[in-house]
Ligand code: ADP
């Protein structure tokens, strides 16, 4: 393989730049040319493609976002859209593609692979909602951003007798909420993988209140519903005052943590290795600190799961 392309797609995540850098440098090291495709599949269909050099990825390892930008494209979900993309790949002489993104992006990668263009997927999303890898690029950074924010809420919380609800991202996955809740000693963690435990949450709040606890922190995953609705429900059921903080897009930004930079570099390098070996339709990941690769179709068919033991532990620690 003499020429490959790289694109970032779907929601961006801190560490994507470190992955792009690894792909570009590793490929060039092995005498493979790399083309950066801007704005994901949208840019692919439009031919928004530029050659990348060693220098084009200088000074980006520590930056959030993605220097080749990301986008969502409905058109690419159609056969006609994919054919348009393939025309551009042919025009630029690109023989293989590395796609950094989430499960939606991997569906696109699978379609291209089926149409004869070898693709390798790198999991880049703060949600950590992809099977076949213990961690996705961006999760650790987002988690640390959440922790920092909750620590600050905790400072003001100790000054008032209130219940604080922190709504965090994660789409349909509760990993960010679970890890953040455990790391921050939250009283309750509400995640979509576990059915509504409203009565239990109220019980715990009341117990804490009776014990003279000054405040309570509840971490709620966006997949469960709105923090404001939950707060209202608590106020209607108890005489507790609630305050809601929706962390929003700050969770997607910021300089990637060391863990995310290392993960992104390893996965980026490994993805290039797989293309060089002639692999296609694979997703790279990390399991038990070992680099692994899986069939994309198998990964997409697997439901996301959370660590049930960790969830149980969080409950036992917040009695
Ligand atoms: P993420 O990759 O973060 O899950 P999306 O689900 O929005 O984000 O997917 C990103 C892009 O991947 C979509 O906008 C679309 O262009 C492409 N994509 C998603 N699903 C498919 C599909 N079934 N076939 C082809 N392309 C797809």
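Backbone N, Cα and C atoms are what each Cβ position is placed from, and that goes for glycine too.
Cross-referencing 5, 11, 170, 174 against the ATP binding annotation in TrEMBL, which names 72, 73, 102, 103, 104, 105, picks out 11. TrEMBL names 21, 22, 23, 24, 25, 185, 186, 187, 211, 213, 214, 215 for binding ADP. Of 154, 252, 276, 282, the residue it gives for the same site is 154. Among the candidates 148, 193, 222, the residue that TrEMBL names alongside 125, 126, 127, 162, 169, 170, 171, 243, 249, 250, 251, 252 for the substrate site is 222.
Cβ environment of residue 243 (substrate binding site): 162, 163, 164, 165, 231 lie under 8 Å away, each six or more residues apart in the same chain. Per-site Cβ counts within 10 Å over the binding-site residues 23, 169 peak at 23.
Inclusion criterion for the recorded positions 23, 72, 127, 187, 213: a C-alpha placed within 10 angstroms of the C-alpha of residue 171 (substrate binding site); this criterion is met by 127.
Among the binding-site residues 23, 187, 213, 215, 252, no residue is identified whose Cβ is positioned under 6 Å from ligand 1.
Just so you know, of the binding-site residues 102, 104, 185, the Cβ with the fewest other Cβ atoms around it within 10 Å is the one at 185.
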